[in-house]
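Here the structure is laid out as structure tokens; the discussion comes afterwards.
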Amino acid sequence: MASFVDRVVLHVSGGSGGHGCVSVKREKFKPLGGPDGGNGGDGGNVILRVSHQTTTLLDYHHAPHRHASNGGQGMGDWRGGKQGETLILPVPDGTVVKTKDGEVLADLVGEGTEYVAAAGGQGGLGNSSLSSQKRRAPGFALLGVDGEASDIVLELKSIADIALVGFPSAGKSSLIAAMSAARPKIADYPFTTLIPNLGVVEAGEVRFTIADVPGLIEGASEGKGLGHHFLRHVERCTALVHVLDTATLESDRDPLSDLAIIEAELEKYAVDMSYAGVDGEVIPLNERPKLVALNKIDTPDGKDMAEFVRAELEGRGYRVFEVSASSHEGLRQLSFAMAELVTAARARATVVTAKITPPVLRPRAVNRKEFTIRPEERNLEPLFRVLGAKPVRWVKQTDFTNEEAIGYLAERLNKLGVEDGLFKKGAKPGDTVVIGEDGENAVVFDWEPTMMAGAELLSGPRGTDPRFTDLGDRPTRSQKREEYQERRDAKSAARAELESERKAGIWTESVSARRDREAHESREAASTDDGDAL
């Protein structure tokens, strides 16, 4: 099972926003308490954060799907929904975030550096937030919006000061084990090193990190061997050390030919220039400071080979060190030479100041277009597609099972100028209009304008729409007032009729008189029965 993973494809999705609530305040002696529906909670974000406790992307290799929690639903009594919890994903220092197409989204360097990989969805407004002077008691609420979902690629580029490069079995792992406390796997066969190894070296007062990457072979820049896959771990290094094998067992190899092949592969390798760092430049690998370490001089033929090629290498301008990872010969001089390169690189980094761009406040343009209309054709019929962040978001927030919510959407689109734009594009009543790109969130409808050119609104009061007349008529406020007045008039007429009957003597007998009359009649009936019996 793999223990080191430096590239994964991660599927992240933010939490969905909670729906707004439709509720009316109910309290004793307050039959019309007004709307009190709360807003839905926002969905949680997915954030990548650099942590020194994380050294590999192995966890995301086994579990590549990560989803933040959703926002809670709004409730009555003005209670808002719970906010979705933010999902923090720890990543190693030096992680590069890319799209599947290779576009760099972020380069995460430094403890605590963050990047929002997927934002959570916005919670919907409750009917209390939608009320106004004209809309006192909305019978609808806005729906929550789904969170962002995307597939991102995480690539780990190890952060080291010095990189050891060379052919397989050149002794790179032995060197890093001899110079630091790192304990990489060491064996006497090629490609023993399958993952990058990091070690910390101290030379006097200078402390720096060296990286051991898998061996390079001819054609590594084209994907041969393992070197091309791990060369990105060398991109952040300030200097390189060529580790040359002076005791190779292959007859067609020697330190000079090995160096030429490695230099050619480094020159062919294209450094990722999409992130240029603070100074705005990325130095190619073959132009960075280099040292040459002639390794394995403790062998019988190694010392002779090192003395034979040393003059040639120094003539080319290289600083050459004869070292042995087994006997530790020459390692002290090599470590101090590395420290000099690291110190010089750090001094240059401190001299170069970051270009601080002062914040510029740009007010929103007054006449900025919030949408675009694209005429299309489908099945030889005209089609008009409305695109824009606002219209698409409004469609996602609309509950299409509620006629009043659809009317509210129509009002918003009309105020935004969508209807005027359709007129200008030549749209006619009955033409097909699509809001958004084709997909699950797109809305298709036959356009029936609520406003003709220069005419008044043809639609009724708030919440009504001519396109939904077949669904049933909803009484307007004026109709409700008329019905209420008719009921009051009917009650007044009934009272007047009762009053006229009372004045006519129909209702003059009181309750006590009726009781006395009934008691008298019952006594007379009883005496009549007694006389008949005698």
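Cβ coordinates come from backbone N, Cα and C, glycine included.
Swiss-Prot has this to say about the protein:
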type: BINDING; residues: 166-173, 191-195, 212-215, 295-298, 324-326; note: GTP binding site
type: BINDING; residues: S173, T193; note: Mg(2+) binding site
type: COMPBIAS; residues: 71-82; note: compositional bias 'Gly residues'
type: DOMAIN; residues: 2-159; note: domain 'Obg'
type: DOMAIN; residues: 160-343; note: domain 'OBG-type G'
type: DOMAIN; residues: 363-449; note: domain 'OCT'
type: REGION; residues: 63-82; note: region 'Disordered'
type: REGION; residues: 456-534; note: region 'Disordered'
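Considering only the binding-site residues S169, S173, the Cβ with the fewest other Cβ atoms within 10 Å is that of S169. DSSP assigns S173 (Mg(2+) binding site) to a helical segment in the three-state reduction. Cβ contacts within 10 Å of K172 (GTP binding site), excluding its own Cβ and spanning all protein chains shown: 31. Of the recorded residues, P214 (GTP binding site) and S173 (Mg(2+) binding site) place their C-alpha atoms 9 Å from one another. Distance from the CA of G166 (GTP binding site) to the CA of S173 (Mg(2+) binding site) is 11 Å. Helix, strand and coil residue tallies for the compositional bias 'Gly residues' (71-82), in that order: 0 helix, 2 strand, 10 coil [DSSP]. Counting every protein chain shown, the number of other Cβ atoms lying within 10 Å of the Cβ of S324 (GTP binding site) is 24. Within 10 Å of the C-beta atom of P214 (GTP binding site) sit 26 other C-beta atoms, taking all shown protein chains into account.
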